[in-house]
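All remarks here apply to the structure that follows.
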Amino acid sequence: MSVIEGDRLHTVSGEELSKARIAAGRVVLWGSALVLLIMVLVQALHSARQIPFGFENWRPVLYAYFFWAFALCVSRVLIYGEQGKKALFVLPAVLFVVSMVVFPLVFGLYISFTDWNLSSLTGRKFNGLDNVRQMWTDPFYWNALRNMVVYVFAILAEYAVAFGLAMLLNAQIVARKFWRVIFLLPLMLSPVAISWMIGKSMMEVRFGPLARLARWLGWENPSFFGSPEIAKLTIMLMDAWNFIPFMMIMILAGLQALPKEVLEAAKVDGASAWQSFWRVTFPLMLPVSVTAIMIRIIFKLKLADIIINVTAGGPGGATDSVTSFIFREYRDRSNVGYGTLLAMFYLVLIVIFMTALLKISDRIVRRATGTG
Amino acid sequence: MADLELTTDDFDRQRRIRWIVSRIVIYGLLITWAAICIFPIFWTVTTSFKIAPDVMKGNLIPYLDFMPKDRGWESLGLSPDTIFRTSTVREEFMKRFMNSVVISMSASFLAVVLGALAAYGLSRFSYRFGFMRNSDISFFFLSQLILPPVVLALPVLVLYKEMALLDSRIGMIAIYTLMVLPIVIWIMRDQFMAIPVELEEAALVDGLSVWGAFLRIIVPLALPGMVAAFILSLVLTWNEYFFAALLTSTDAKTLPVMIASQTGSQGINWWSMAALSTAGIAPLVLVGIFLERHIIKGMTAGAVK
């Protein structure tokens, strides 16, 4: 990585790097790379049972990677001097993310085309497109994907509630901070705790307070996870309870940043509260709303904890999200190869979906704010 | 004249009534939603002090409906009369609790260090890394946000197994750091962009190096943003369940995994489960109450311009 012209922060350095220093930098860089390469080779051959010596596991290779990463940083300074020191800001994070994401992703791409069951003794074997074919005819996976669509659409309702709450908090009320803290609390709780607190105890058919309330309201036999529709709705409500504060806080920040003059002007012009909301507040809030909804969608696509702990996907897969489905695929069947393929396919869908969504929302915001 | 006075009077009264009605509606809604937010927490905390008949009768309010007993806390080994005695359950709980503390704290700290450095570099210098320019590198970091954990989980599981990192605190710290890094970079980039470059330029003229200017001038100024990023990361990592459920089994098991495994087993008493849940959520409820300012600051960074 090198630094090119056009820094926001200009630095002037008249230093002259000696030839020996640059050469030393090259030696450090290539030497450490060589060490890493040798370690990888030895261990790969050892685990393929080609050579008798080697390490017990891949941990030493990890250390070699650390050593190489450190040497890379040192060599930047040695070779490029002051300019190299600037690269040190970004380099650690880049190396970390590359090793933790790019490498597992590539590895994952490979194992998703293998038949690999961790509990079987045969180990992995390449099976081409068999996993894809299995996925194509797996009704439970497609069902989980359809559920995700429903779950994502529920965000619109969450958004409406969050907007309402933000308006409430932005109204002239006493002890605003007190209300804000209370409204924020659900966000602090872990989905696992919520699973027990609400899903398993408050909704317990005999003694749970919510079941009692439902009976009092005239629901004869309240079962929150009995039928597929109600179970799905219950999961949505629990997740909404958990995450509404998040959107609410973002929208509240947007509301507080609105220019006061515009709202005053609308009032002077005789607009009713209803009109001034739809004609002034809502359009001005569009950019913040879009950001809040986008981030919420990203979090929603990871939805799993509550489902795993409350319904385990039931009844009959009605509440399954993709993540919880793959989780059980691994937990119950140790099917790493197939599970990884499902996850990879999900990633592809998400990338396509999010890119399209970004484009569309960008256009909506531009049209509404008149900058397009 | 009299007519006019009457109408203004009328108008005034109407406005008064409308104002009162709006107050009632606003506070009514506020109280309703506050009850929705508080009740599950109230229920869990009070249930941890109940015994079987109280649960079955549906008693709600302590001292009025039922007398609090600390059976739930006794089973955790955390009640007043068991706290000084040895208790295997408490040891188990404390182990999980400490795992959660160590893992979430270290991961958040590491993410703030790595993320702040990267965000600073990206906000001040122009990089070229192959075909990647600054905006590409930023996008590379932020795009990690949409990566669902399930995509990484299985490959990482296999790799961790090969590297003997499975069920270790280090492994969990690494994966959690990765999880919150994009959020930290998002927040810190916003912070550094708001700090004028002239400050560092002056420091450079005074003879500080780039790193010296960063550490002595910028870090103190950006500290509030770092605290916000740290606390937000803490919330996310403390509550994380998915990776922990897959990557830990005995040694490095975190609190959510312990709670989840207890939920699954049949016949566990409500009061012990409630006590366990209360203990699990208490730290973050306190964080939410006392550090609310920082959490809001972290969440709204970059969203509102």
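Residue numbers in this text run from 1 along the chain shown.
Each Cβ is built from the backbone N, Cα and C atoms, and glycine gets one as well.
The transmembrane segment feature in TrEMBL is assigned to B:24-43 (among others).
Residues or ranges marked as domain 'ABC transmembrane type-1' in TrEMBL: B:97-291.
Annotation comment: TrEMBL describes B:101-125 (among others) as transmembrane segment.
Sequence annotations record features per position, and here TrEMBL assigns transmembrane segment to B:137-158 (among others).
Through the fold, the transmembrane segment (B:170-188) approaches residues 103-104, 106-108, 110-112, 114-116, 118-120, 122, 138, 141-145, 149, 152, 156, 160, 222, 225-226, 228-229, 232-233, 236-237, 240, 243-244, 247-248, 252, 254, 298, 301-302 of its own chain, all at least 6 residues removed from its boundaries and within a Cβ separation under 8 Å. Annotation comment: TrEMBL describes B:170-188 (among others) as transmembrane segment.
Taken from TrEMBL, the feature transmembrane segment applies to B:208-236 (among others).
Look at TrEMBL and you will find B:270-291 (among others) tagged as transmembrane segment. Remote same-chain partners of the transmembrane segment (B:270-291), defined as residues 6 or more beyond its termini with a Cβ less than 8 Å from a stretch Cβ, comprise 41, 44-45, 47-51, 55, 71-73, 75-76, 78, 93, 97, 231, 234-235, 238-239, 255-256, 258-259, 262-263.
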Same-chain residue ranges lying at least 6 outside the transmembrane segment (B:208-236) that approach it to Cβ under 8 Å: 104-105, 107-109, 111-112, 115-116, 120, 179-180, 183-184, 187-188, 190-192, 195, 199-200, 284, 287, 291, 294-295, 297-299, 301
Surrounding residues of the transmembrane segment (B:24-43) on its own chain - C-beta under 8 Å, 6+ positions past either end: 60, 281, 285
